[in-house]
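*Asks:* One structure is given below, represented as structure tokens, and several questions about it will come after.
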Amino acid sequence: MELNTTDKQVHTRRFSSREIEVISGLLAGFSTTIVTHPLDVIKIRLQLSRDTPKTTHPLESIISVIKKINQDAKVAYKLNHKPKAFNYLIQYYRGITPNLIGNISAWGIYFALYAEFKSKVKTNNTTMNYFASSVLAGLSTSIITNPLWVLKTRILGSSRNESNAYRSVTDGIRQMLAKEGITSFWKGTIPSLFSVVQASLQITIYDHIKVYLSSPHHRSESIGATSHLSTWQYLYSSASSKIISMLILYPTQVVRSRLQYSQDSSSSIVSIVKELYYKEGGLKGFYKGIGANILRVLPATCVTFVAYENVKRYLM
């Protein structure tokens, strides 16, 4: 019996806690990207749109973007004569490579750093501990992965049929280095750092909801005495935390997308904010694409955290 127990302990400890965080984050990022990438394409196109919200209904904007993507697929079909389904997939999964690399690396780095900082940052306030750890992890991850998000935004924001469109990740890197220099890879970093606050706020709310649902009063008999929640509770925790944080800080995403997409060296946060407010509908301009983003972030957030929690539970 003692041998079996020892074998079980060795088996369950095949990965270190840091390795578990990294693997869980990598698989969560991969799953999320594959499932939600088409919605990401639509969201980016909406954020880069110059239409004024006063004259364009959000649903009409979404339909218009979808029609444009479908039209691009039809044009591509006439040119390459490949199966229609293939051309539609190519259009809706345009930019999947930088998005996959970005999300996989970002979530892997983030969860590993978050766990590390939580063990190092010690405060008397649990909320501050969660928030500070998340901010530190988010800032580090954002700076490291920003070049991938610039490439992703530019590829997703254009059609393959456009003359100046990047043909691939390597083509995008080559063009950016030749025309704009290496600093162009960190365009939009400052607004991205604001987005870290949103992610940190979300993680803080998420961890608090998990603690709340884990309390004896709210635990179901099926969960028992373990520290794990049910899939439905993870879904509720992730969706609630994401919606609250997104509504507060979504405008920074719009500004960031505009900065990253722009190849004009004179573009700045101030000029983009002025353009959005004075020319594109006031405050509504800062919430462009939020309808598509809500549809995108809910499944994305739920897939990410459910995958992360379940992979982590399996590896522990």
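All positions are counted from 1 along the displayed chain.
Just so it is clear, glycine is given a Cβ too, placed from its N, Cα and C backbone atoms.
Predicted automatically and left uncurated, TrEMBL annotations should be read as such.
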*Asks:* Choose the correct range: of 92-110, 111-129, 168-186, 187-205, which one does TrEMBL annotate as transmembrane segment? Give that range.
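*Replies:* Within the set 92-110, 111-129, 168-186, 187-205, TrEMBL attaches transmembrane segment to 92-110.
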*Asks:* Across the repeat 'Solcar' (16-120), what are the DSSP residue counts per state (helix, strand, coil)?
*Replies:* 89 helix, 0 strand, 16 coil
